[in-house]
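As recorded in Swiss-Prot:
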type: DOMAIN; residues: 109-316; note: domain 'ATP-grasp'
type: BINDING; residues: 135-196; note: ATP binding site
type: BINDING; residues: Glu286, Asn288; note: Mg(2+) binding site
Amino acid sequence: MNILIIGNGGREHALGWKAAQSPLADKIYVAPGNAGTALEPTLENVDIAATDIAGLLAFAQSHDIGLTIVGPEAPLVIGVVDAFRAAGLAIFGPTQAAAQLEGSKAFTKDFLARHNIPSAEYQNFTDVEAALAYVRQKGAPIVIKADGLAAGKGVIVAMTQEEAETAVNDMLAGNAFGDAGHRIVVEEFLDGEEASFIVMVDGENVLPMATSQDHKRVGDGDTGPNTGGMGAYSPAPVVTDDVHQRVMDQVIWPTVRGMAAEGNIYTGFLYAGLMISADGQPKVIEFNCRFGDPETQPIMLRMRSDLVELCLAGTQGKLNEKTSDWDERPSLGVVLAAGGYPADYRQGDVIHGLPQQEVKDGKVFHAGTKLNGNHEVVTNGGRVLCVTALGETVAQAQQYAYQLAEGIQWEGVFCRKDIGYRAIARGK
C-alpha cells in the first residue's frame, strides 16, 4: 500500500525510514519532508505543507494512499484527521477535539483534575494582575506555561520571583507567544526525573512504546532555556516495571477512558511527559498528541515491530491483537543544532561530513535540512540533525553517537555533550 507521512522534522524522517522497512509498504511519501527524506531511496518528498489540509487530502486521494501517519501537532490541532476520516481515508492520529490534550494546556489541566490523574497543582489565568498575585502568593520556583502551541518553547521554569513575574507579563501583557500565550497556566514546580511515556491508542486499546528520556534545556547539565529537545535515549531506567505499571494505571488508562467518556474518543500516538518523584510516583507535566521529537529517533532505531502494521491496527481498533518488539540494546540520539538556537539562528549553511552510506547500528536523521540548488544539504532550522546510535549500554550508545557526530560540521554547529548522563550515572 502507499503511505503518506505528514511533517518535515527528524521525527518524520525516522517514521518514514521505519515504515519503509514494512513488507506492507509500496510507496512512501513525506509531505513536505526534508533533505534526509529526499535522499532516502525508499522515500519521496511531496511539496505540500503539513498544515495544507486540502492539499494533503487531494494528494492522498489521487495517489491511492492506504495509510497516513501524522508527525507534528499543528495539522492535528486544525483537524487533518477529521478531514481524512470524512473522506473515508485511514489516518493514524487524534481528531481536532481530542488533540486539545496538546493544543490547550488549560484544557489538559482541567481534564486531569476532573479525572483525578496526578499532576502539579495549578491555576489558569487570562488577567495579568490575578496571575501576578497568585505567583506572589505561591513563590518561586514556579512554572509558567503558555496555553496554546508554542513549538515546545512556551514553558518557563522560573527559579526566582522576578523571573516568574517577567514570564507572566511577557505572555499576558507582552504577547511573547501571540495567541498561544493569551491564557496561561501557572503551576507548582515538581522535583524528580522526567520521562517520555509514549503509547499507541485505537480509541479503546493501548499499546505502549519503548520509554525514553528527552533533554529539554539547551545547555549541558540541563542549563539555559527550554528547547524542542536536544537529545534523547531509550529506554529510560527511571521507568522501572513498577513505575510503568503505575503510569498505565494512574495516567494512561484514565486518560483514554476519560476522553472517551467525554465524547472525545482518542486514537493516535499519545505522549505523556512525566515527572517521576524519588518514590516512583508519576505526575503528568504535559500531554502531546504525537510521537516526541527527538524521542522518535532512538525509539525507531530500537523498534523491531512493523510500524505500518501497528498504525493500521490503530486505525481499525485492533491494537489489542498486537504486541511491540524491541531491540534489547539502548539507543541514544544527539541533536546537532544551529548556532544561536533556540533564539535566532542562521540558515542555509552547507553541512559537511554526512555519512555517505548506511552505518551499522546508527543513523543520522535529518530535521531542519533542505537541498539547495547545487543538491547540497544545507541547514534549514534550529534543530538540524539527530545522530542516533545503539550500544550494549547507554554509555556505549552515547560514545558511538558522539563519534558519528564528530565528523559532521557546518558554521556554528553545536550540541550538548552530556546526553544520557542520568542513565549513565545509574550505571546503565
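Heads up, the Cβ atoms here are built off N, Cα and C, so glycines get one too.
Counted within 10 Å of its Cβ, the other Cβ atoms near Met159 (ATP binding site) come to 12, all protein chains included. Distance from the CA of Glu286 (Mg(2+) binding site) to the CA of Asp191 (ATP binding site) is 15 Å. Cα to Cα, Arg183 (ATP binding site) and Glu286 (Mg(2+) binding site) are separated by 16 Å.
Under the three-state DSSP scheme, Asn288 (Mg(2+) binding site) falls in the strand class. The distance from the Cα of Asn175 (ATP binding site) to the Cα of Asn288 (Mg(2+) binding site) comes to 23 Å. Recorded residues Val143 (ATP binding site) and Glu286 (Mg(2+) binding site) have their alpha carbons 12 Å apart, per Cα-Cα distance.
Cβ environment of Ala167 (ATP binding site): Ile144, Ile156, Ala158 lie under 8 Å away, each six or more residues apart in the same chain.
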